[in-house]
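A.B. asks: This is the structure, below, for whatever I ask next.
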Amino acid sequence: DSEGGLYVCMNTFLGFGREHIERHYRKTGQCVYLHLKRRVIEKVPGASGGALPKRRNAKLFLDLETSSDLNSDDFEYEDEAKLIIFPDHYEISLPNIEELPALVTIACDALLSAKSPYRKQEPDSWEEELQASKHAKTLVQLDNGVRIPPSGWKCSKCDLRENLWLNLTDGSVLCGKWFFDGSGGNGHAMEHYKETGYPLAVKLGTITPDGADVYSFDEEEPVLDPHIAKHLAHFGIDMLQMQVTENGLRDNDIKPRVSEWEVIQEAGVKLKPMYGPGYTGMKNLGNSCYLNAVMQAIFSIPEFQRAYVGNLPRIFDYSPLDPTQDFNTQMAKLGHGLLSGQYSKPPMKSELIEQVMKEEHKPQHNGISPRMFKAFISKGHPEFSSNRQQDAQEFFLHLINLVERNPVGSENPSDVFRFVVEERTQCCQSRKVRYTERVDYIMQLPVAMEAATNKDELIAYELKRREAEAARRPLPELVRAKIPFSACLQAFSEPSNVEDFWSSALQAKSARVRTSRFASFPEYLVVQIKKFTFGLDWIPKKLDVSIDMPDFLDISHLRARGLQPGEEELPDIAPPIVIPDDPKALDIDESSVMQLAEMGFPLEACRKAVYYTGNLGAEVAFNWIIAHMEEPDFAEPLVIPAFGEVASSGAAALGAVGLDNQPPEEMVAIIISMGFQRNLAIQALKATNNNLERALEWIFSHPDPEEESDPALDTMDMENNANANILAETGSEGPRIKDGPGRYELFGFISHMGTSTMSGHYVCHLRKEGRWVIYNDLRVCASERPPKDLGYIYFYHRIPS
């Protein structure tokens, strides 16, 4: 059936394409499969959407959804379902109650009525529209003098620092339990409501100029608080209160945002749509523009194109039984959709004529819908698995981490971004130095606001803005700070002073000066402009600035030089680890936590680093982060262990992987349930150190199962494999880098519109075939005025010598 279709094994309920179903049958002996096929009959007259899509090949059921949904009312279609019996390919059309056993009929009905992974993620099911709380207008707030600080919050009853809620009546900060966001806690906020009857609470950490997450205990649901700015100001939290207009929009929100949105999206300019390979748009699944922008930039890089699209046949052939859970398969599928041109075709002449006759001039958007890719890549991540807006820089690093953990072929495409940073630390008292190295993927440039070239205009604008707010008049036209790129680069290279530094030469805390240089230059340099910061008024702010980013960049002068003649190194002595008698009694130094968080590390990891280094300062905590950032629980919340708990858990972990330990029976049972023999399941698990996913891949990569080997030899093999892995991890080769000259040319940038990373919209501009192209979700057009001065993340490639 080369026209498409999906084959589902009636024993394992896994789906396959035609070319893979034969292999599954030979491997497992399973002979009963349900064949599903949807055939489009015609486009419904007058329906919205693009041209009639062609039937697509269901290879490994990895169909790429186009922007037209075949489940919508735009198309008439018919579904075909058959039972296929191997090896003779005997077909039984469904429904067929008379000939089939009742159990088979029930199983078929369940499969046919089940929702697909796509339909389960429909935007309709993401969020219900929130209603204004009945308590918002008449809420009484106690004048008890409570003022909430911008950081360092904890539950007043249990010291919990996560999932904290501020009661809007009395200012109590208490932990949640079963609230709509699914976070855990001890339920003290609910207990407080039952004791006092104070109905509304806001979740700390969600407050932005756009609003906050508010919960009504009385109404038992999340609600809107139209007066949230006033209610928060009562406790000293400034939400930048703004005049509300008749249409519900804030006056001073409109002009800055509209201006930024117009410039970045090139509004008001007629843009020519682009079609063909490399000009495919991506559907916005609801605040997924950050993912779309990053993936467009990633797949414009030849190394990623070769790794995933160039290896697509091999990746598909060796994909695991469930390809929806395989990173490389999903990357190859997405890359093929973006680069093949199959989902970016210009409208037919007949369609254009029809548009002209109907006076409809809407451009045709093809594009792909990355639902399955987003579902997989965000699985288990507390932020990316939500439907909230996210930081594109954080997603880029998350993606690189997944690429590192899932190698494809002999060359890792993420190597093109990797570079080594040399950190030089000098003790201000002893004048001794320490040189350390760390791996990084992004060059973070600070915004040198003090170097603005239009300071007089900015001062005048600020005065007019305050006068207009006080008089409730329309705000003046926005004046954006103009910052020279050279000033930002200089701020990056200048030494930074830190007072809280533990000096191994003095065996005490001292001040230190730290400078950063490039020990190697990457092949592709990613530059992030640090536009987002936190103010003392609690609000995550975005610096609305214009920076004259260069098309050609030379950072050769930032090359590291290492230990210089006459310099004396700090002694290599570890600081004392202070463990209090009561671990929970240790207060974490929030200033050190914020210093680390501003470097881009996860907040929970920063808190753990400061805690486990005994509050000895950000420098010591930073070294802890570098040493532990590859651990799987690196960004998990801090759990303070009881005395002796670490040692006992460590011993248990070692015992679990003892060399004489057989594979877990539950893993063996899972593989057997997929139709494989028991001896093959045990052999695969032993060969992969009991990793279920790798064991399934091992089975498919070894077509002829071997006979049961001697247990003693298996034990030796496991030991040798474990030793080989340890040697590989501790080898002295160092990180894989592609060092070269420090001269670069700009080829892309990602821009953000809005006041916070938690809101707004992302757009990507890429230079292709000699001209700039704008990627705005599904819309791909030739750019006429690329706003290179307003970007957030810039992509440079090395200029060959």
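Residue numbers in this text run from 1 along the chain shown.
A Cβ is built for glycine as well, from the same backbone N, Cα and C atoms used for every other residue.
According to TrEMBL, the domain 'UBP-type' annotation covers 131-239. Here TrEMBL flags Cys155, Cys158, Cys175, His188 as Zn(2+) binding site. The domain 'USP' feature in TrEMBL is assigned to 280-799. As annotated by TrEMBL, active site, nucleophile applies to Cys289. Sequence annotations record features per position, and here TrEMBL assigns domain 'UBA' to 587-628, 662-702. The active site, proton acceptor annotation in TrEMBL covers His761.
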A.B. asks: Return only the integer: C-alpha distance in Å from Cys175 (Zn(2+) binding site) to His761 (active site, proton acceptor).
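C.D. replies: Distance (Cα to Cα, whole Å): 31 Å.
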A.B. asks: Run through the domain 'UBA' (587-628) and tell me, per DSSP, how many residues are helix, strand and coil.
C.D. replies: 29 helix, 0 strand, 13 coil
A.B. asks: Identify, in sequence order, the residues in the chain of Cys158 (Zn(2+) binding site) that are 6 or more apart from it along the sequence and have a CB within less than 8 Å of its CB; answer 'none' if there are none.
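C.D. replies: Non-local contacts for Cys158 (Zn(2+) binding site): Cys175, Asn186, His188.
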A.B. asks: Near the residue listed as 'active site, proton acceptor', how many other Cβ atoms are within 10 Å of its Cβ?
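C.D. replies: Around the Cβ of the residue listed as 'active site, proton acceptor', 20 other Cβ atoms lie within 10 Å.
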A.B. asks: Sort out the sequence-distant neighbours of Cys155 (Zn(2+) binding site) for me: same chain, 6+ apart, CB within less than 8 Å of its CB, listed by position.
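C.D. replies: Those within reach of Cys155 (Zn(2+) binding site), by Cβ under 8 Å and sequence separation of 6 or more, are Arg161, Leu164, Val173, Leu174, Cys175, Gly185, Asn186, His188.
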A.B. asks: Write down the Cα-Cα distance for Cys289 (active site, nucleophile) and His761 (active site, proton acceptor), rounded and given in Å.
C.D. replies: 6
A.B. asks: Across the domain 'USP' (280-799), what is the average pLDDT of the model, as a whole number?
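C.D. replies: Averaged over the domain 'USP' (280-799), per-residue pLDDT gives 80.
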A.B. asks: With DSSP as the reference, give the number of residues of the domain 'UBP-type' (131-239) in helix, strand and coil.
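C.D. replies: The breakdown for the domain 'UBP-type' (131-239) reads 15 helix, 21 strand, 73 coil.
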